[in-house]
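Shown next, in structure tokens, is the structure this report addresses.
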Amino acid sequence: MAFPVDLLDNCTHEELENSSEDYLSSLRCGDPEHPECFSSLNITIPVSLSNVGFVPLYGGNQTQKILALFAPEDSLTAVALYLVGQWWAIDDIVKTSEPSREGLKQVSTLGERVVLYVLNRIIYRKQEMERNEIPFLCHSSTDYAKILWKKGEAVGFYSVKPTGSLCASFLTQNYQLPVLDTMFIRKKYRGKDLGLHMLEDFVDSFTEDALGLRYPLSSLMYTASKQYFEKYPGDHELLWEVEGVGHWHQRVPVTRALQREAIKATDVSQYEATRPVSGEYGLAAVPEHEPGLDDTQSSELQIHSLKDAFASTSEGPEKTPVSTRTRSSHLKRPKIGKHFQDSEFSSSQGEDENVAKTSPTASVNKIEYAARTSESSEEFLEEEPEQGVIDFEDESGDKDAQPALETQPRLQKQDGDKDSALEPVNGEVMDAALKPSLTTEDEDSTSEGLEEDLKVPPFNSSGEPGNPVPLVAESSKVPEATLAKTSPDTDSEMLIDQSPSDDKGHTEENLSPVSKKKTLLGSSDNVATVSNIEKSDGNFPNSVVPEFPEEPVSQNLSPNTTSSVEDQGEEGAPEAQEPSATQSSLIEVELEDAPFPQNAGQKSQSEEQSEASSEHLEQFTQSAEKAVDSSSEEIEVEVPVVDRRNLRRKAKGHKGPGKKKAKLT
């Protein structure tokens, strides 16, 4: 029986394609209810237009095609080819009836090209290719190839890219040496040294000094090369593993490639030996890792470190290494209007001063405690109004002297003098302070009045007088010295008190420290005296003055703003002695708006402001007398002694231009 390879010896591509076109035309005209069937290996496949088509014989070249029949379940695998006027099964196409076709025969006829196509494209790629192998491309019509025939059947092939042939990967480059491109042997014929036979035929077919094998080496090429070098050890420099077209930088000796593959095979065998068998997990290859206990310990340490890393990310913000400055509550600015319960104000005074330096509005909240204290003691307003005014007068004098005492070395000498009472001395001072005829004094008498007023001994908590010092002769000078310090405050506070009358009740409750000052200015004569003294005392250097510019206070300021004015005084003397809770708020009032050295224009301006503000004093005098007695019995003051000589010397050294002495009638 003749097979297609035998029948196609004298056939051309055109004749084969024309016969295929004629059959396809007859198939279109056939009866669809009674189709032709093809039987192979006990399988019957109906032939119809839906499962037949042309396939290229040389891969990318679409000019030479053959008609193929596909299985219904696999439309990409041909089960038969239409050759010589009939359908031929794949197994029949690779057979021959010619006894002369034995061994390796070079492909030359159309039938042999069809056999090469079937071996490469159908048998190898669809049936026998391994997973780790790379499929071969379809051979062209001019490729050098040989088919291995064995007992009337094609069992394998190999193909070569001769020197000078065009490289498919590099379209403009040609091969520099003959390269063994493909090699294939069917599985049922492997193990009979057929690969070695093909390699020996390749070496004998080309006479070049260097021959190449396609990179990467297939398993068949690797086995054949190994057998070849065992049989011919002198040809180590003949065979090269070639990549690309085979330049010198693209070739490696096959012996080195064999060593590389041997190392890979050893690693794979060790892995296979150590890999647990199915059903016996955890029992394989444990003793091999026991000698190196350090490896297991290091792996455990890595696991623990990973656990710690994951735990640190889930424990919370307290262990997070990021800065929490913006989250800390003590660094946030308190909002205006928020009330702090400063029951222990003296213990937290240092912290409040630091916050007040960076945020002046934060001091508003600290004075509200004193305001609420004055509200709680409203019941004492009608009982001792005059005595409350006297208390505030001595307190203001005390507070004027206190910042100056920070630079005096005699501060420790006053610890034992705390036995005098406040009431009898203040009564005498009040009698003199309320006299309507106050005369202006020169700058020397003003400083003398201040110094002699500071000699009042401190009072103890029991309220009993120790060694009272009579101040009757100097009663007219005490309010002058006191008002000289507080005249800038008084001017600004007169503007505060010009708020609408509906807020008057609220002002009387919350601004008791301010009202205490207003009672000292009983008439316009007092204001004139204050303005003159203010000019002389404007350059007084011994008082600790915070660097805040004087600004006019608006008439609509709230009581909280007045409290902030009082609070800023505390910032000017952060190193002063720590007062009690009720005294600290009053100290802040005296130090806040102490003026800078004034020129002539500024002094005249302040004098005009004091004269304008005196018009509003009388209408608030009665309300102030009711509010001045807030916490009069609760306030305990210390009046430390200031060095008189230093105060007088500094006061005289900073005198302004001379003023005419005038009596105000």
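Using N, Cα and C of the backbone, Cβ positions are placed for all residues, glycine too.
According to Swiss-Prot, the listed position annotated as phosphoserine out of Ser328, Ser377, Ser396, Ser614 is Ser377.
Swiss-Prot marks one residue of Ser100, Ser348, Ser462 as phosphoserine, namely Ser348. Scan Swiss-Prot for phosphoserine across Ser108, Ser492, Ser531, Ser630 and the hit is Ser630.
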